[in-house]
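Taking it in order: structure first as structure tokens, then the write-up.
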Amino acid sequence: MTQKILVLPGDGIGPEITAQASRILAACKARGLDIEVEEGLLGGAAYDEHGEPLPAETLEKAKAARAILLGAVGGPKWDKIEDLAKRPEKGLLGVRKQLGLFGNLRPAITYPQLASASSLKPELVAGLDIMIVRELTGGIYFGQPRGIEERDGERVGFNTYIYSESEIERIGRVAFEMAQKRGKKLCSVDKANVLEVTILWREVMERLAPEYPDVELSHMYVDNAAMQLVRAPKQFDVMVTGNMFGDILSDAAAMLTGSIGMLPSASLNESGQGMYEPCHGSAPDIAGQGIANPLATILSVAMMLRYSLDEPALAERIEAAVGQVLDDGLRTADIASEGTRTVSTAEMGDAVLAAFEAR
Ligand SMILES: NC(=O)c1ccc[n+]([C@@H]2O[C@H](COP(=O)([O-])OP(=O)(O)OC[C@H]3O[C@@H](n4cnc5c(N)ncnc54)[C@H](O)[C@@H]3O)[C@@H](O)[C@H]2O)c1
Ligand SMILES: CC(C)[C@H](C(=O)O)[C@@H](O)C(=O)O
Ligand SMILES: [Mg+2]
């Protein structure tokens, strides 16, 4: 059956990087992958056209798609929109929530060729392979009540950090199952020394553990986890955490791989429908220059093939092509080091495509 794929380029470097990833998708199609690809508007690009960051038409297309490839949304142009609901980021959060994409997988893998591009000592990161499992449709990002209002003569801002047992259990199961397929170690990250919501989080993780006797479960406070990620990151296999902690820790983990431009992601619901996007943002500081690293987005296509389209061989082929290009010494500016050849976004896309075709 033909599967629908929706590409949402978004803002800033979004269109530049999704253009390269789309070429890889097209190459998969040329090799017999039965997909139909269409594009849509999300974020600032959608706001400029329709006055909404998530127009009804985009949401409809997203619901009908088996998988979505997203570039990134947001940028200074839209940061002053007063109505928060109209900000580009709300469009992205809307797709995640509306499609129930609660399971966010963020793999931080340090390619051996890039160990020296990390800001940490190469021996600390060489061979690193961590999977961060982030809850994506709950927690403080969505909790009610929220707002800014006048109280006792001054304005107060407030959000609600809330998780139900069922929300914790469902992301916990994703993480335990992921650990079973990997190194069988799961570290649950919380702030159970202070926050009730994460006391419950820890309890639920403990309750699930006996169902996965082959997985070794540990717990860590988020502040320590941030420190351990830069002290000795290879101690981790799978990490599971809530929406906001996962956002922060995955950016920190990205730097272990050499650049945030290397970290792909998958956001999945219960039926395997997914949105695939790099973990980084729209990088307004380099947008339009043709120098952004497209590899996180290309590697997100590999995740799409693995998790939504059941094509693991094609996924491996893309990952191997990326490895090949790095072996050949090609680097975008963010991962360049002595002795490598600095290339543009499009040249990196050309090289990955050529390596993919040659395999
Ligand atoms: N998923 C998303 O769409 C997403 C994620 C994060 C941030 N954002 C939005 O993006 C905008 C910018 O946010 P920010 O500056 O905090 O984070 P950012 O990730 O866009 O950029 C942080 C730094 O990393 C660099 N960088 C990011 N991606 C890169 C790439 N592929 N190649 C080379 N360098 C890269 C940028 O140039 C910048 O110096 C904001 O509007 C934010 O809300 C969107
Ligand atoms: C843009 C923003 C809403 C988003 C998030 O916080 O989830 C981003 O930082 C991410 O990591 O995907
Ligand atoms: Mg983030």
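Cβ from N, Cα, C; glycine included.
TrEMBL annotations:
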DOMAIN    4-352  domain 'Isopropylmalate dehydrogenase-like'
BINDING   Arg96, Arg106, Arg134, Asp223  substrate binding site
SITE      Tyr141  site 'Important for catalysis'
SITE      Lys191  site 'Important for catalysis'
BINDING   Asp223, Asp247, Asp251  Mg(2+) binding site
BINDING   Gly281, Ser282, Ala283, Pro284, Asp285, Ile286, Ala287, Gly288, Gln289, Gly290, Ile291, Ala292, Asn293  NAD(+) binding site
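Shown here: features listed in TrEMBL, placed on the structure.
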residue : record                         : CB count, 10 Å
Arg106  : substrate binding site         : 24
Arg134  : substrate binding site         : 28
Tyr141  : site 'Important for catalysis' : 18
Lys191  : site 'Important for catalysis' : 19
Asp223  : substrate binding site         : 13
Ala283  : NAD(+) binding site            : 24
Asp285  : NAD(+) binding site            : 10
Ala287  : NAD(+) binding site            : 18
Gln289  : NAD(+) binding site            : 13
Asn293  : NAD(+) binding site            : 27
A 10 Å Cα radius around Arg134 (substrate binding site) captures, of the recorded positions Lys191, Asp247, Ala287, exactly Asp247
Number of other Cβ atoms within 10 Å of the Cβ of Asp251 (Mg(2+) binding site) across all protein chains:
15
Taking ligand 1 as the reference, state which of the binding-site residues Asp223, Gly281, Ala283, Asp285, Gln289, Asn293 have a Cβ closer than 6 Å to one of its atoms.
Gly281, Ala283, Asp285, Asn293
In sequence order, those recorded positions of Arg106, Tyr141, Asp223, Gly281, Ala283, Asp285 whose CB lies under 6 Å from ligand 3
none
Out of Arg106, Lys191, Asp223, Asp247, which recorded positions have CB atoms lying under 6 Å from ligand 2?
Asp247
Including all protein chains shown, what's the count of other C-beta atoms within 10 A of the C-beta of Asp247 (Mg(2+) binding site)?
18
Using DSSP and three states only, what is Gly281 (NAD(+) binding site)?
coil
Please report the three-state DSSP label of Asn293 (NAD(+) binding site).
coil
